[in-house]
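What Swiss-Prot annotates here:
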BINDING   50, 51, 52, 109, 136, 137  L-glutamine binding site
ACT_SITE  82  active site, nucleophile
ACT_SITE  172  active site, charge relay system
ACT_SITE  174  active site, charge relay system
């Protein structure tokens, strides 16, 4: 099994470290050639936290947006954390257009405020159990379509969800010592390959 990690900007190294600890091979995808070269071998894709506007621009500049979108729509499992969640959203409240736009949800960028407003909590996540959650200027999922399953909420806000092959979190599971969500994603990837 090999998981691709979008490595244009953001917390991609932290995701690679978690996958390594779980014994799963990962590959950093920095450009279209990387993606096309590894696409047939990929069991899944991680879109890390970072700055979503910058990542969206780089995806367009590297001509990666449409090929990644097509792969996701064709069933490639994807795990978007924080900025990765924003990349997957069909609608972003403060922007005219979405980026990949594959997941039926509306999100509000930086809803948890400035970096100083970042926080840590623990909450139940459906199918995973109680997990630590680190929020750094995280987005809020303000609404979801009928096919989207809400996995976790904090203070009545949706912070984790899944729609078919797409898993998203408003928080950064890669910044904790808990690998349960990554393991959940790996199981999604295994199911898809069967």
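For all residues, glycine too, the Cβ spot is worked out from N, Cα and C.
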Work through the recorded positions one by one (50, 51, 82) and name whichever has its CA nearest to the CA of residue 172 (active site, charge relay system).
82
As a whole number of Å, the Cα atom of residue 51 (L-glutamine binding site) is distant from the Cα atom of residue 82 (active site, nucleophile) by 9
Using a Cβ cut-off under 8 Å and a sequence separation of 6 or more, which residues in the same chain sit near residue 50 (L-glutamine binding site)?
8, 9, 10, 11, 82, 83
Packing count at residue 109 (L-glutamine binding site) (other Cβ atoms within 10 Å of its Cβ)
20
Would you mind ranking the recorded positions 137, 172 by how many other Cβ atoms sit within 10 Å of each Cβ and giving me the lowest?
137
So among the recorded positions 82, 136, who's got the most Cβ atoms within 10 Å?
82
Expressed in Å to no decimal places, the gap between the Cα atoms of residue 136 (L-glutamine binding site) and residue 174 (active site, charge relay system) is 12
Name the residues of the same chain, 6+ apart in sequence, whose Cβ is under 8 Å from the Cβ of residue 52 (L-glutamine binding site)?
83, 86, 87, 99, 109, 139
Quick one: largest C-alpha distance among 50, 51, 52, 109, 136, 137, binding L-glutamine per the record, in angstrom?
13
As a test of the contact definition, list every same-chain residue at least 6 positions from residue 174 (active site, charge relay system) whose Cβ is closer than 8 Å to its Cβ.
11, 14, 15, 17, 18, 48, 49, 81, 182
